[in-house]
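Chemist: Starting off with a structure, shown below.
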Amino acid sequence: MGCIKVISVFLAAVAAVDARAFFHNRGGNDVIPNSYIVVMKDGVTAEDFDSHISSVATTHSINKAKRGSETVGHKDSFNINGWRAYNGHFDEATIESILNDDKVDYVEHDRVVKLAALTTQPNAPTWGLGRVSHKAPGNKDFVYDSSAGQGVTIYGVDTGIDINHPEFRGRIRWGTNTVDNDNTDGNGHGTHTAGTFAGTTYGVAKKANIVAVKVLSAGGSGSTAGVIKGIDWCVTDAKAKGALGKAALNLSLGGAFSQANNDAVTRAQNAGIFVAVAAGNDNKDAKNSSPASAPAVCTAASSTIDDQKSSFSNWGTIVDIYAPGSNILSAAPGGGTRTLSGTSMASPHVCGVGAAMLAQGVSVAQACDRIKQIANAVIKNPGTGTTNKLLYNGSGR
């Protein structure tokens, strides 16, 4: 009987340990102090979620009064295709309480997220469109299906977009802003990427509708929580507008590995939005970056005009495709143009081709596989374990 009691106590202890949520990816130089993202377990109901938030608010208030903490508590809640999470500023005692709630799956630090762009080269040639519509290099003409993304909505999740730029006239609207109160593109990065995925002159999907979603400041940085909030808004908007299945989302940004970021983009993809993301510019394995490391999305590395891997581009088995990213000419705020380099420039090429495929009847679930299937195996020195396939729009040229 004593043995049975010991076993019972042991099993109870194991169950208690298993019930505790996991803390993902602690520490790092990019951590935002006292800022956390909390992800709930699958199956948690809206009522359970609200009850948890209420309990956290009470615990936070008690701990704040006890320790004189300046943390603000719960900030935003997210529900992306059934994936429930929230972010907030909490002290360590409150986080310990959250980790011990059996409805919580995991907690992670909120982190800084930055652009995936690099350099500017004035008066550089426009070559990306010609390259993705021909099997051989050196062609300047862009050949594309006349549907050109018509009927598809592309969400540019970035620094904002200059919605008055002639490249987007009649096809763009402002969506939301999760980073500040300035509904403009003070950086230019978001306008540039939008010009590539759907600009009239410089874009791949020239007839697609565009929505500006600002998650990064004029300085080019934001937070994981801010990016997730933007993605949450996109899914909600696409659902409300009946656009799921005919929507794409470009993420030319990234940061350190974040399970929450990866989960958010995966849920957006599963909801019916084709997601293209930049691999990153550290010349490292993209498996350590997010959202590039999310398996469900289409991760783009950067190529040069000579079909080489761009020197800065991340690589690795998680990369789905190479696309033009060095010295890409596109739109700039104020009606002008600008040349930028980075995997930020590769991703919108992929997003545009994906949007064009959606317009032709390819499903969101099949789009990235289709992109990889028709791509050309021409990239030289792609990196260890990395695909050598270069984006191609299937023009037949």
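Note that Cβ sites are derived from N, Cα and C of the backbone, with glycine treated the same way.
Look at Swiss-Prot and you will find 1-19 tagged as signal peptide, backed by sequence analysis. Taken from Swiss-Prot, the feature domain 'Inhibitor I9' covers 35-116, and the record attributes it to sequence analysis. Residues or ranges marked as domain 'Peptidase S8' in Swiss-Prot (evidence: sequence analysis): 126-397. Annotation source Swiss-Prot lists active site, charge relay system at ASP158, HIS189, SER344, citing sequence analysis. The feature N-linked glycosylation site is assigned by Swiss-Prot to ASN250, ASN393.
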Chemist: Could you put numbers on the helix, strand and coil content of the domain 'Inhibitor I9' (35-116), residue by residue per DSSP?
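Modeler: Going by DSSP assignments, the domain 'Inhibitor I9' (35-116) contains 30 helix, 33 strand, 19 coil.
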Chemist: Average pLDDT across the domain 'Peptidase S8' (126-397)?
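Modeler: 96, rounded to a whole number.
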Chemist: What is the separation, in Å, between the Cα atoms of ASN393 (N-linked glycosylation site) and SER344 (active site, charge relay system)?
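Modeler: About 19 Å separate the Cα atoms of these two residues.
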Chemist: In which DSSP state, out of helix, strand and coil, do we find ASP158 (active site, charge relay system)?
Modeler: strand
Chemist: Run through the Cβ atoms and count how many others sit within 10 Å of the one on HIS189 (active site, charge relay system).
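Modeler: I count 29 other Cβ atoms within 10 Å of it.
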Chemist: How many whole Å apart are the CA atoms of ASN250 (N-linked glycosylation site) and SER344 (active site, charge relay system)?
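Modeler: Checking the Cα atoms of ASN250 (N-linked glycosylation site) and SER344 (active site, charge relay system) gives a distance of 9 Å.
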Chemist: Express the distance between the Cα positions of SER344 (active site, charge relay system) and HIS189 (active site, charge relay system) as a whole number of Å.
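Modeler: With the alpha carbons as reference points, the distance is 9 Å.
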Chemist: Long-range neighbours only, meaning 6 or more apart in sequence with Cβ under 8 Å: which ones does ASP158 (active site, charge relay system) have?
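Modeler: Sequence-distant Cβ neighbours: ASP185, HIS189, GLY190, THR193, ALA194, ALA212, VAL213, LYS214, VAL215, LEU216, ASN250, LEU251, SER252, LEU253.
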